[in-house]
Amino acid sequence: MAGMKAATSAATAETGATEPGTAETGATEPGTAEPARARRPRRAKRAYGGALVLFLAALYFVVPILASLWFTVDDPAKGFTLDAYAKGLTDEGMLSALGLSLRLGLATVALGLLLMVPTMVVVALRLPRLRRVVEVLCMVPLIVPPIALVAGVSTVLSWEQDLAATPFYRTFQLLQNKNFPLVLVLVYTVMSLPFLYRALDAGLRGIDLKTLVEASRSLGASRTGTLWRVVVPNLRSAVVSGAVLSLAMVLGEFTVATVLGFEPFSVWMVHVGEYEAQLSVAAAMLSLLITWGLLLLLTNLAGGRARNRRKTTA
Amino acid sequence: MTTTISAGDSTDTRAGVGLRLGGLRRAFGSTTALDGLDLDIAPGELVALLGPSGCGKTTALRIIAGFETADTGELLMGGEDVTGLPANKRDIGMVFQSYSLFPNMTAAENVAYGLRVRKASKAERAARAAELLELVGLPGRDKHYPHQLSGGQQQRVALARALAVSPRVLLLDEPLSALDAKVRLQLREEIRRLQLELGITTVFVTHDQEEALSMADRVAVMKDGRLEQCAPPNELYERPATPFVAEFVGTMNRLPGVVREGGTVEVLGRRLPVTTGQGAHPEAGRTVDVLLRPEGLQVHTGEQDGGEHATVRVATFLGSTTRLHLTTDSGAEAKADLPSWEAGSLTPGTRCTLTAHDNPVLVEERDNPVLAEKTAS
């Protein structure tokens, strides 16, 4: 459940990027409002209305987080305590589960990008007619519920015994390695396709791909060189936002992991919650922090260059 | 003010590579973009491909660049067959119509990109980028990103980027069409100056006849995927090979005339020799359209013999010349350019006599359906 929260927070951070504009008007308006009020009362009213909506939305997100925070630091016997956090940070189960989730997330993002960036570039350049097909294919995971997806996957995995005598057996074992279950990476990659597609599609629409690629080719660059030096750098913010959404999805994913019997962070948290509620919620708070940290890091990676550019203009 | 250009040793050996387009044919589905295009471009020459949209000029350029492949035909660069060579192996420089600078790189990085691909050292790249930015008149802009440059500056950087690799052939795909008039004029002159100084073989695609005529050594006028005429600007203007070229380049009058014996045509009370152009002579006695330039017409005040009587409708003062719009008594419309000092008395409503200078003229049969359409519009 806390994993879900992590995903929601990622989504909030995404929309948050567009929010400051509204927040700014809300903040600057009161200062200028004094002389302006007589002339533009409506404008001021609208600004206050915006602030109200923002305040209500903030309540909606902040109250549950504060309640969880209170729950983790308040012990009926001892009063304020950070025991739950200390325990969580030293708990081996939690650290290994969190490590697994992060590794799964990174592997998923890497595989997803490796698959989608070249595909979408080729489709945009050479096969524009396939654009709709790719879009529909990439959106399918949104429509198919994870439980249906995992049912299919477990059926395939159950062939393992029948294949015991063949070389495929090793592959099946490798896929289900408890330390790093590749099968989860494969399933998560499929589940991340909608996020990657949407982000990359927006990014590709924002640049004149054909001209940039042709310019690079005319200057002697190979196809891969062009992809790496020209296309990817100009899709940077799209790649980052797709990666952030996919990562948040993986960190919060529960259904597939639990049905296939693996224990990444989300599954561990639910298990622990059954007997140690405070530790479980503390872990949820930590995961929230980690997700925010990652978001901040990635957004900085994406925005760094743009900010430098703005500085040179000024 | 002369700028010495040290474009690098490689430039000297590469400049002036000839280009040969042999029987290029290209169809997209049912539309034929190129229908057997033959064109020889001499080393160091600037040839403009001119024509209305859809005439195949851009397709021709993209085939030279290697972005399109011809269905049939061959392409030779300096005698070498490059028909099947991929774009990145052709050693070309190209400037595009839309802004094509890499947004993630500074001006200097953009210019040095081709050298980076060719694995030149960092110092060499920086030196060459600075040299070329200076060449295109943008010294000190090396650290600017494309979005910090104006449209004209971006196209200058794009030109520097194309030239940085000392290409064998420079391809310009309507590089000025996105710029405003003043910048366009300025950049046009600079491109020509650079091209002459570097002696680089250049193909320039444009739909702007003024641009083509003012910049090119030769202008290749295209229509429906074929070459109509390829000639120096003055020849194209003075001796167009076909009615299409005649009307596409400059302004043309179409006045009714009657074909006479001995390859002449009677128009505006005169007998003028007919140039054959590409078509055959029409038979004597037929009514044809005679193509006459506005400056090839003479206008005399009053109703005189030896010409056709007409009325001035509009007089437009254009500085040294004045353009008169006239209607002849037989109902034909004509435009005539006169030196302004002669046209002073020819105000609207004035009766006058219209004749033609004694130059050879192109004629076209009147029952041409294309023509009928044109007259209707």
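Placement of Cβ uses the backbone N, Cα and C atoms for every residue, glycine included.
Residues or ranges marked as compositional bias 'Low complexity' by TrEMBL: A:1-35.
According to TrEMBL, the region 'Disordered' annotation covers A:1-41.
As annotated by TrEMBL, transmembrane segment applies to A:47-71 (among others).
Summarising the annotation, TrEMBL assigns domain 'ABC transmembrane type-1' to A:98-298.
Distant neighbours of the transmembrane segment (A:104-125): 131, 134, 138, 180-181, 184-186, 188-189, 192-193, 196-197, 200-201, 204, 209-210, 213, 227, 231-232, 235, 239, 242-243, 246-247, 250-251, 264; these residues of the same chain sit at least 6 beyond its ends, with a Cβ under 8 Å from one of its Cβ atoms. Annotation comment: TrEMBL describes A:104-125 (among others) as transmembrane segment.
Annotation comment: TrEMBL describes A:137-159 (among others) as transmembrane segment.
Sequence-distant contacts of the transmembrane segment (A:179-200), counting only residues of its own chain at least 6 positions beyond either end whose CB sits under 8 Å from a CB of the stretch, comprise 100, 103-105, 107-109, 111-113, 115-117, 120, 134-135, 137-142, 146, 149-150, 153, 157, 235, 238-239, 241-242, 245-246, 249-250, 253, 256-257, 260, 262, 264. Marked as transmembrane segment by TrEMBL: A:179-200 (among others).
According to TrEMBL, the transmembrane segment annotation covers A:238-262 (among others).
Positions annotated as transmembrane segment by TrEMBL: A:282-302 (among others).
For the transmembrane segment (A:238-262), same-chain residues at least 6 beyond its ends with a Cβ under 8 Å from one of its own Cβ atoms are 3-7, 9-11, 13-14, 100-102, 104-106, 108-109, 112-113, 116-117, 146-147, 149-151, 153-154, 157, 176, 178, 181, 183-184, 187-188, 191-192, 195-196, 198-200, 202-204, 206, 232, 270, 287, 290-291, 294-295, 298-299, 301-302.
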